[in-house]
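Enquirer: The structure is given below, and queries will be raised subsequently.
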Amino acid sequence: MLIAWLVLAATLSRSIRASTTISIPITTQDIIAGDVFFEILSPSELEYTYRLRPAKDFGSAFSERLEGVPLVITDPPGACQEIRNARDLNGGVALIDRGECSFLTKTLRAEAAGALAAIITEYNPSSPEFEHYIEMIHDNSQQDANIPAGFLLGKNGVIIRSTLQRLKRVHALINIPVNLTFTPPSKINHPPWLGW
């Protein structure tokens, strides 16, 4: 009889635990987690909302909303030397490849060319960082940037760059930052190639 009671108690205990599982839905705040978003308005092939990881300890915050500004691929792509397409970049947002020099140096080059912000991305698909966000940190120099900078997933950067080149476009048009605070996660127009 004691064994029967123990079996019954164990069964009830398991069923109570199973029925008291708490399900917490994922909110937009969980997704945002301090990141910044921008949307591409044109060309239509790129009309999605993209996520950036802001620079950790240099540059300014993405506090001013920029609407309909050009997103321009820098020349040279890594922006470690003087930017040659400053005329196209002036008043826009720089799209810069990672590597060869510090994130701060790239941001300072973009700022000197008249950019209002810098977006840095991994361009090498075989890099271990290609599908991850990178914490962009200060290079411990005596300099600092006065424009915001953020890191874009490599896959997004490669697709944006290749689409603009295929369409022979100098730039895309973007809004940055985009406030998603009250947008349900299912309504965020994320790029289909990411699957989040």
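The backbone N, Cα and C atoms fix where each Cβ goes, and this holds for glycine too.
Feature list, courtesy of Swiss-Prot:
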SIGNAL    1-18  signal peptide
DOMAIN    73-171  domain 'PA'
CARBOHYD  ASN179  N-linked glycosylation site
Enquirer: Test of understanding: give the count of other CB atoms lying within 10 angstroms of the CB of the residue listed as 'N-linked glycosylation site'.
Expert: 10
Enquirer: Let's see if you can do this one: DSSP helix, strand and coil counts over the domain 'PA' (73-171), in that order.
Expert: 27 helix, 16 strand, 56 coil
